[in-house]
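Undergrad: Structure incoming, see below.
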Amino acid sequence: MQRRLIASVLLGHYLSAFTALGIPLYLPRILADLAPATPGWAIGVLFVLPTLCTALAAPIWGRWADRNGCRLSLLRAHAGLFAGFLLAGFSLNLTVFVLALIIQGTFGGAMAASNAYLSTQFKGGDLSRALNWTQYSARLAMISGPILLGLLTSRGLGINLYSWLAWLPLLAFVLVLPLPNDNPRHALDSMKTVAPTELPPDMARLLAVQFLFSFAMVVTFPYFMPYGEQLGIGNDTLIGVLYSLPHVVYLLALPWVHKHQGNLLLPGLALLALSNALQFWSVHPEPLFVLRLLSGAGMLLSFVGLHRCLSQRSRQGSAGRLFGWFDASGKWAGTAAGGTAAVVSQMCGIASPFLVACLAALAAMALARPLMITSREIPA
């Protein structure tokens, strides 16, 4: 039952994330068909709009999940994405399309909802591994989504692509329907033994580390293509491969990293800082392949370490809020990273986001050390 449960949750998350993570790359082409007069700056705004809405809504939905059940909240997330994608596919003008993106971001949030539900079914090390696998499904969607959707857009599919892809989160909804329910807080309140529902005392530190780590990852994304061109790489496909390498490392190496018993957060952040510093100083393209692999190793170890810290702090009755705030922190980091990358690349050069990422990873290391000390006192 447990294998079927986690397979259903992970497949459902992949189906919902496939469109959410894959289609934004093609927003310029979609907007060119829908509203050709749209100014260039609007592309960036619409790119981050669903993320902003998710960041604002995630803590609210987390509180709602604690009150009404995490499985119900997961069904809500898949249904919200279905509604947002379907409306986007039938948009006749920019106003309706913007409304669809707001619905997608506000009522979606499948990552936080999936993790919160898994935390009601797994504990300790099992939960930590489950969280690593939800991140695995996100990385898989991030790689496969743009490639497969690129094949569809090359065949002439534009805004109507959304209406076809809307059925994926609906299928995810169907996969989650037969899964066992969890006990929401109003049910727990009627029991004699009430599980603790308070958030952990070091929650702010954990969220700060998550923010800085996510920021360090995302700030190098927007301008990676011009960075590769500056190093003399003239092939767009090769730049795309180098861009995707860290995610490939996560997909291939996760099963082996699972075997390690200790917390790998600090070594992961150190590798991430080192790889970004070396990419900032690079003037030739040859070392980039190895440096991207190093970035992937840092990303993988950091994710696994963070998930271990998170699973050690998960408590029945507060899972929705815990994962809601955790997901919101990452979403705010992504939004801030996009704006920071735009500013520093214009002021300090196209490679400067890598230096910013290095500094953010070092700051995350400094903040994360007390989490390691506290974690020894919390059963895994």
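Just so you know, the numbers here start at 1 and follow the chain as drawn.
Glycine is no exception: its Cβ is also placed from the backbone N, Cα and C atoms.
Caution: TrEMBL annotation is automatic and unverified by curators.
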Undergrad: Can you say which of 69-91, 92-114, 322-344 is given as transmembrane segment in TrEMBL?
TA: 322-344
Undergrad: Okay, the transmembrane segment (41-61) and the transmembrane segment (203-225): do they have at least three CB pairs under 8 Å, pairs separated by 6 or more?
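TA: Result for the transmembrane segment (203-225) with the transmembrane segment (41-61) is no.
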Undergrad: Using a Cβ-Cβ cut-off of under 8 Å, list the residues of the same chain that are 6+ residues beyond the ends of the transmembrane segment (41-61) and lie near it.
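TA: Contacts of the transmembrane segment (41-61) (Cβ under 8 Å, skipping residues fewer than 6 from its ends): 20, 24, 27-28, 31, 73, 76-77, 84, 97-98, 101-102, 104-109, 112-113, 320-321, 324-325, 327-328, 331-332, 334-335, 338, 342.
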Undergrad: Which stretch, 164-182, 264-283, 289-310, 322-344, tops the Cβ pairs under 8 Å count with the transmembrane segment (237-257)?
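TA: Ranking 164-182, 264-283, 289-310, 322-344 by Cβ pairs under 8 Å to the transmembrane segment (237-257) puts 289-310 first.
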